[in-house]
Amino acid sequence: MKAICVLSGGLDSAVTSLVAKSENYDITTVTFNYGQMALNQEIKSAEKISEILNADHHVIDINFVKEFSKSGLNTGNIPEPEKEDLDDFEKSEKTMKAVWVPARNMIMFSIASGFAEGIDAEKIFSGLNREEGVTFPDNTPEFIERFNKSLEYGTLNKVKMVAPLYELNKPEIAKLGKELELKLDLEVIKYSYSCYRDNGEDYLHCGTCESCMRRKRAFKEAGIVDPTKYLVE
């Protein structure tokens with residue numbers, strides 16, 4: 001069985017790749033270059049994780065997105081929320097809008113679908129999850145359902161996108177990742193990269209962007225030692 005894993009190198013996609021590995025899929029991983037500030041770090045993480053999982057890794061260039069994106073992920077204007085803001089819907093929604101890349105997931109998953117059909121893979125594994133689905137509309141079960149409906153008409157082999165984490169929050173994702181590492185006797189999570197910035201050192205996180213804040217909280221609430229190095233703890 002073949003599968004494509006959309007692998008940004010972050011915690012969610014790293015754990016999703018472990019899920020695919022645990023289900024005995026022959027994995028091909030894809031990382032997208034959409035002109036994001038953290039691109040080099042994301043690629044390094046994705047390459048390392050792919051190597052550990054014995055997966056072919058491809059970087060796909062969709063850098064044209066940068067031409068019309070005003071996202072902080074492209075411009076470097078990254079919001080730095082307070083810890084108590086993470087569960088405040090209005091503040092989280094404001095942060096979401098600041099980093100929203102126009103139609104990013106739609107573009108990436110559409111290309112991944114073509115890749116999957118081309119290599120006769122039956123599934124696309126994505127790291128969409130419940131916590132990010134609160135504010136990001138393209139992380140919701142509704143998005144997954146409707147995207148898969150379009151694949152019924154847009155692909156001949158009826159490839160399907162799956163999101164094994166869509167019912168989980170970040171602490172549950174961290175916990176699942178640790179369980180899968182032990183089950184598969186692999187070490188992946190410490191090589192994942194969640195930060196919105198490139199901090200000039202491999203796997204070094206800023207510790208202040210929303211993604212870093214959620215990562216910190218995930219390990220703490222899961223009761224798991226955080227293997228991440230942060231500029232600001």
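Here the Cβ of each residue, glycine as well, is placed from N, Cα and C on the backbone.
Cβ neighbour count for VAL15 (ATP binding site): 27 (other Cβ atoms within 10 Å of its Cβ, all protein chains included). Residues or ranges marked as ATP binding site in Swiss-Prot: LEU7, SER8, GLY9, GLY10, LEU11, ASP12, SER13, ALA14, VAL15, THR16, SER17.
Around CYS206 (Zn(2+) binding site), taking its Cβ as the centre, 20 other Cβ atoms fall within 10 Å, counting all chains. Annotation comment: Swiss-Prot describes CYS195, CYS206, CYS209, CYS212 as Zn(2+) binding site, evidence class sequence analysis.
Secondary structure from DSSP puts CYS209 (Zn(2+) binding site) in coil. For the pair formed by CYS209 (Zn(2+) binding site) and GLY9 (ATP binding site), distance between Cα atoms is given as 16 Å, rounded to the nearest Å.
Cα to Cα, LEU7 (ATP binding site) and CYS206 (Zn(2+) binding site) are separated by 20 Å.
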